[in-house]
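Database features (TrEMBL):
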type: DOMAIN; residues: 1-145; note: domain 'Ferritin-like diiron'
type: BINDING; residues: E18, E51, H54, E127; note: Fe cation 1 binding site
type: BINDING; residues: H46, D50; note: Fe cation 3 binding site
type: BINDING; residues: E51, E94, E127, H130; note: Fe cation 2 binding site
type: BINDING; residues: M52; note: heme b binding site
Amino acid sequence: MQGDPEVIEFLNEQLTAELTAINQYFLHAKMQENFGWTKLAKYTRHESFDEMKHAEVLTDRILFLDGLPNYQRLFHVRVGQTVTEMFQADRQVEVEAIDRLKRGIEVMRTKGDITSANIFESILADEEHHIDYLDTQLELVEKLGEALYIAQLVEQPES
């Protein structure tokens, strides 16, 4: 099925964002694991996998619309050095995604591509959930301080 070029471009732009987020979250998860923040690392790794699922859905839709998914392009990967910086960097990815998704939904509905709009709406719901999580974590870090916040993330290995 031949898709609208503007819709395909929005799908590809969001695909780029998802591919970037996969890398950023996965790197943060590995860093967190290395720091001994195993509980946080598990959650962040899961977020990376969620972004991979989004990338798969977007890829399938682009191909269905006879477009070519662009896997060669990435946005800037923001790497935090502290837990606060990681949360802030990840939050920025989500803020940008939410803005892009809302714009895309509007264009897709105007062009009559309800299926693509529904895909974007589903991803939007996930991103809103993630930004809520990040906002909560940033509030906790602010209230508790980084050291106390991090203390709750350490999990002793099983012997």
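Backbone N, Cα and C define each Cβ position, glycine as well.
Overlay of TrEMBL annotations on the structure.
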residue: E18; record: Fe cation 1 binding site; Cβ contacts under 8 Å, 6 or more apart: E51, M52, H54, A55, L58
residue: H46; record: Fe cation 3 binding site; Cβ contacts under 8 Å, 6 or more apart: none
residue: D50; record: Fe cation 3 binding site; Cβ contacts under 8 Å, 6 or more apart: D126, H130
residue: E94; record: Fe cation 2 binding site; Cβ contacts under 8 Å, 6 or more apart: E127, H130, I131, L134
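With helix defined as DSSP H, G or I and strand as E or B, the domain 'Ferritin-like diiron' (1-145) counts 117 helix, 0 strand, 28 coil. The number of other Cβ atoms within 10 Å of the Cβ belonging to H54 (Fe cation 1 binding site), over all protein chains shown, comes to 23. Cβ neighbour count for E51 (Fe cation 1 binding site): 26 (other Cβ atoms within 10 Å of its Cβ, all protein chains included). Among the binding-site residues E127, H130, the residue whose Cβ has the fewest other Cβ atoms within 10 Å is H130. On the 0 to 100 pLDDT scale, the model's mean across the domain 'Ferritin-like diiron' (1-145) is 97. Around the Cβ of M52 (heme b binding site), 15 further Cβ atoms fall within 10 Å across all displayed protein chains.
In sequence order, A21, E47, D50, D90, V93, A97, D126, H129, I131 are the same-chain residues whose CB sits within 8 A of the CB centroid of E51, E94, E127, H130, the residues recorded for Fe cation 2 being left out.
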